[in-house]
Amino acid sequence: MAFHGKDDVLDIKAQAHVWKIIYGFADSLVLRCAVELGIVDIIDNNNQPMALADLASKLPVSDVNCDNLYRILRYLVKMEILRVEKSDDGQKKYALEPIATLLSRNAKRSMVPMILGMTQKDFMTPWHSMKDGLSDNGTAFEKAMGMTIWEYLEGHPDQSQLFNEGMAGETRLLTSSLISGSRDMFQGIDSLVDVGGGNGTTVKAISDAFPHIKCTLFDLPHVIANSYDLPNIERIGGDMFKSVPSAQAIILKLILHDWNDEDSIKILKQCRNAVPKDGGKVIIVDVALDEESDHELSSTRLILDIDMLVNTGGKERTKEVWEKIVKSAGFSGCKIRHIAAIQSVIEVFP
């Protein structure tokens, strides 16, 4: 191919950029393939880098074509999940990059359930209906699946468990940053309810870090039924739109971004009724968007916003929107603090 000037070079770069966007799903599904094959765990359990043939012999599939596997591994190297090292005899061997610790099934902060859950076919299908979700009468998920995401999860126990395990993995990463970056926020609190707390990962971490706090896990009855049986933590099933157990503090971690502003205000009003006017607070852990920021996490936050648009009808919010819905729910105001996470802490006061 002959280039005839700057415009041709720019055109090729533009084409390459669009091709990369078109095949953006390749990253997700190559990652899923690697998880299904257990590539990270196989290399990790080997305790040293592995040659192509050795790795092929350990895979849970028969008749592995080593050239096909090589191409998958080459892509994982490009994704910075694996790296290539050469042995003394010049043989290529594959080792794990630091990010791979999140891709091990047995890792404390494993993202494997989230990867498997978000890339399974039923959760990919609604993305094809994104344009149908632009109206006010249902999300893309509802248009594609004929039900809300919550109805789907309630009717598909295996997917619900995978979803909650995925959220638990996310929670371990987030809660560590929450506690280390906001210890002062929990001082003086004697009781706390984790609303929509899933299997109890967050409330257990808070209880372990602050044993003086009487902690309660609150979620839908079918979620509570599958939650951990945790010592010193009361478990209550219910509906946060109808009532919330009383406590000095309520925590809503990755909850309100699932709901539109109107529903979020309804939830916040129930939380306001559950905390004392003097000394009470609601702790929201969610993204606080800065639309003008070029921070390295900004693009991830915008991806999460589109995820909410497609699947839940919720949204990630700017500081201004957080202040608006908090006051609409009857609170006096809020304070936003940033922690070492994609999300921020929005501390809300009666």
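Cβ from N, Cα, C; glycine included.
From a predicted model like this one, the values you see are computed outputs, not experimental measurements.
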Let me know which member of Asp184, Asp208, Asp219 Swiss-Prot also records as binding S-adenosyl-L-methionine at the site of Gly196, Asp239, Met240, Lys253. Asp219
Least buried of the binding-site residues Asp219, Asp239, going by other Cβ atoms within 10 Å? Asp239
Where the record says Gly196, Asp219, Asp239, Met240, Lys253 bind S-adenosyl-L-methionine, what is the longest distance in Å from one Cα to another among those residues? 16
Would you count the other C-beta atoms found within 10 angstroms of the C-beta of Lys253 (S-adenosyl-L-methionine binding site) for me? 26
Could you round the CA separation between Asp239 (S-adenosyl-L-methionine binding site) and His257 (active site, proton acceptor) to a whole angstrom and send it over? 17
Cβ atoms within 10 Å, counted per site: which of Gly196, Met240, His257 has the most, among these recorded positions? Met240
